[in-house]
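J.: Let me begin by handing over the structure; questions about it come next.
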Amino acid sequence: MIGMIFGCYALFELLASLVFGKYLVHIGAKFMFIAGMFVSGGVTILFGVLDQLPEGPIFIAMCFLVRIVDAIGFGAAITASSSILAKTFPNNVATVMGSLEVFSGLGLVAGPPLGGLLYQSFGYEVPFIFLGCIVLLMIPLNLYILPSYESDPGKQSFWKLVTLPKMGLLAFVIISLSSCFGFLDPTLSLFVMEKFSLSTGYVGLVFLGLSLSYTISSPLFGLLSDKMPNLRKWFLVFGNLITAGCYMLLGPVPLLHIKSQLWLLVLVLVVNGISAGMSIIPTFPEMLSCAYANGFEDSISTLGLVSGLFGAMWSVGAFMGPILGGFLCEKIGFEWAAAIQGLWTLLSGVAMALFYLWEDSTARRRSKAQNSLGTEEERAALLPNDT
């Protein structure tokens, strides 16, 4: 039941991202972002008072309801924010996304110890009320700062975007990377405590290796992706392949005959954080360039579709990762479960590499054909004069 309560968040964030991405222009990006923040902050406070409800079906039903509404609010806010950022900084999308991931990483680092401190000092309610109030206090600031973009609804359909071959492969990349993060949530802490007999506090420090390296590397890969767009696709490919190798070594998988050691685990998590930044940050600008190259107009409507698709695919992975990971760990153990999880990023990395190689060869053939045609036209134009 606990797993279902947590899992429903990703499921409804998926649905919300698709809907809000399609109707972003009709609702308005700024209004959607502010409304999403208001809803998410309010239900976070409500989550803090759920312990006052009677045990049983009422408590469980309210847990589901609060998590579902929170997912809808967050889906609205994240879809709108991605669109606003891409519209405001069209030439530096990856740099801005990478810079903001610094704050996502800081939130992941600061959240558990701050929440634990507030919980121990003041009880269950205070962490949720504190966080919800912070979110609500950000609303007036964003009302003042954020620009308002108006645009007519685009003619392109969401279905046309999804059925583009490159977009489908990029969606597979997002799902595989997101599921890797989701896999670690219910499994890694239990594995570390059982394997190395660490206390809960030290387990939190182990997770810092992943979050800190991701926080530091994300803005760097964002900047490089914007300054050198030709490298962006190879960041994505090699980031996936390195991530696959990291998950093979997390256990490590028994086939490698490597002894599991704490220093090796922490090192693998650090490398995984770097590879995650390498592969995640270039994905959104790659999706945008794919949409523009296939006739989608440069408008807030297209940005809404792409942002909605990105958020939806991330939610698919966040939903699949914990469920599949928990099931596999129970059946075959953490070592094999992590290796199987890594196969997803291996497949997505290889698929993207093959696609990019095919895309480059097609572009070269097309360029040669155009040059040959141009030369023949020049000769034909010169022949009458020569005669």
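A Cβ is built for glycine as well, from the same backbone N, Cα and C atoms used for every other residue.
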J.: Pick from 101-119, 196-214: which stretch is listed in TrEMBL under transmembrane segment?
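T.: Per TrEMBL, the stretch marked transmembrane segment is 196-214.
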J.: Same chain, outside the transmembrane segment (167-184) by at least 6, Cβ under 8 Å from its Cβ: which residues?
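T.: For the transmembrane segment (167-184), the list is 10, 161, 210, 236, 240, 243, 247, 276, 279-280, 283, 286-287, 290-291, 309-310, 313-322, 324-325, 337-338, 341-342, 344-345, 347-349, 351-352, 355.
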J.: With pairs fewer than 6 apart in sequence excluded, do the transmembrane segment (304-329) and the transmembrane segment (234-250) have three or more C-beta pairs that lie under 8 Å?
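T.: With fewer than 3 qualifying Cβ pairs, these stretches do not touch.
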J.: Check for me, if you would, whether the transmembrane segment (304-329) reaches the transmembrane segment (57-80) - at least 3 Cβ pairs under 8 Å, residues 6 or more apart in sequence.
T.: yes
J.: When you scan the chain for residues with a C-beta under 8 Å from the transmembrane segment (196-214), skipping those not six or more beyond its ends, what do you find?
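T.: That would be 101, 105, 108-109, 112-113, 184, 188-189, 262, 265-267, 269-274, 276-277.
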J.: What else in the chain is close to the transmembrane segment (126-147), if you only count residues 6 or more beyond its ends and a Cβ gap under 8 Å?
T.: 30, 33-34, 37-38, 40-49, 84, 88, 114-115, 118-119
